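Engineer: Below are the features listed in TrEMBL for this protein:
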- 21-276: domain 'NADP-dependent oxidoreductase' (DOMAIN)
- 59: active site, proton donor (ACT_SITE)
- 84: site 'Lowers pKa of active site Tyr' (SITE)
- 114: substrate binding site (BINDING)
């Protein structure tokens, strides 16, 4: 399995595994300029081979990411930096410039609309996307895409006949949301939109003891792999790109081994995970917007 994917609409090359700076690192304390734990963890991730860092304006981690990248030796052109806009979507250009300033960078490799659920009375999707396209045209962004868009949102966007189609749709993907995401995944692939998944380990992290666990444990034993590797490999079979995170070097190294071409899951393995996942629906993020109700914990 290739370690990178070529994004169709932009010809940009994106590493399949990205190091996420949300979830675990999410900060509401904007007065804390540097998170030394995140800084050290990014250094660790880069040292074991990660080259894709996933960020967002709402995570509150840009300053820490910028410091981490400034204090390491990998050239900028060997890194892939993703960020997202949502809170300041009414002024996308300024939001991007602010992110770049906090990161200490001249451009982003990928810039996503973090969700389609913003107030359309203040900003239309058409206006927002045109502003995204302008950032590509002026060189501030290499590629643009979306996050948490469902099929109807992508249909709405593509109906606008955009000059630049979204290169990526990043959304929550693990066995407990796969059944609800099948149509979305198929739609993305039929329109050459790369599928990037976050919370790929959600089934074991958020719902331990659920119906998927037994299948994952059996496959981990069968292939002499960790449960995380089984889930990540399943995720790559369903999509193209994975965003995950850890502060532990051994886990980061473990995650990267999922790209080993000698490690594969067969059709029966994948179906067993699919079938087990279909027994429970659990979405951790944006639940009210997507499922129309609060998710039970």
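These residue numbers are counts, starting from 1, taken along the chain as shown.
Any Cβ shown, glycine's included, is placed from N, Cα and C.
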Engineer: Given residue 114 (substrate binding site) and residue 84 (site 'Lowers pKa of active site Tyr'), what distance in Å do their CA atoms have, once rounded to a whole number?
Structural biologist: 5
Engineer: In the structure shown, which of the recorded positions 84, 114 has the fewest other Cβ atoms within 10 Å?
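Structural biologist: With the recorded positions 84, 114, fewest surrounding Cβ atoms within 10 Å: 114.
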Engineer: Cβ distance under 8 Å to the residue listed as 'active site, proton donor', same chain, sequence separation 6 or more: which residues?
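Structural biologist: Expected: 21, 22, 25, 26, 27.
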